[in-house]
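Have a look at the structure below, then the notes.
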Amino acid sequence: MSDSPSINDAEAAHKQQQQQQTTSPVKSFLSGAAGGISCVLVGHPFDLTKTRLQTAARGEYTGAMDVVRKTLARDGVKGLYRGMGPPLVGVTPIFAISFWGYDLGKRIVYTATPNRTSPSLTVPELAFAGFFSAIPATLVAGPAERVKVLLQVQGQGVAGAPQYSGPFDVVRQLYKQGGLKSIFRGTVATLGRDGPGSAAYFVAYELVKDALKPADSTDLSVPAVITAGAAAGVAMWSIALPADTIKSKLQSAREGTYKGVGDCIRQTWAAGGWKGFYHGFGPAMARAVPANAATFLGVELSIKLMNSLF
């Protein structure tokens, strides 16, 4: 009987430590939205450059700076933000669901391992939670990416007037052409990108965050948050870029160009070998550092604000 209080105290302390590793669903949802908005505002010009390199005809651009130069010459600075509407509208559900899903994934791990000896998650457990976060988020991200890509690539080459007047016009025309199937084209490829990418994303962030965390504090300094976020972005895109290339090709191509993901992979390989899967690598890496540093800074600061309010 004398051991019961100490056992109960140990269990309570262990449970408290586990709770510290997670965030409430509301806070994880809202902080993810804040992080997503930060990401889009900082990263969209880089994303547009990457997408145009991935989808342009061979020889249309000599490199990333050529994309920027031609875009500025044709459309001015606003051209670098073409197609930003869909991700801005979609960031709340996409990023909010992603960070909520990541927190839920961690809770699933804790539920599945009730007798664990440490509240800290292992790398495979973090990877599971990261991959899990991409599953619900893709239901929103797939169509949003489809609309964004079509808006980003119009205006390339010597084509005439833009085909789409805005995001809603894209959705209207896609639905008219092929119904919901056309709107959701590339969603499987989006999950193929975001599943492994999100696993690497959250693992890298947690590992770097823990390495930079002061031993006597649970808080992170702004430079530490920025460094960990930048590392997460580089880790994600190092893994996700080939799948992102396939996704962009599928979502920007005319109806009937590809029979599916496998056919798109075969045609990409036939046209350019392994290099064909890494078009846009420079802009993707250039975007990964500032955009994801901004994402996690937005997440961490919003959580800190919410913790002070409720």
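Positions of Cβ are set from backbone N, Cα and C atoms, glycine also.
According to TrEMBL, the region 'Disordered' annotation covers 1-26. Annotation source TrEMBL lists repeat 'Solcar' at 23-108, 121-211, 220-305.
Taken through DSSP, the repeat 'Solcar' (23-108) splits into 72 helix, 0 strand, 14 coil. With DSSP classes pooled into helix, strand and coil, the tally for the repeat 'Solcar' (121-211) is 73 helix, 0 strand, 18 coil.
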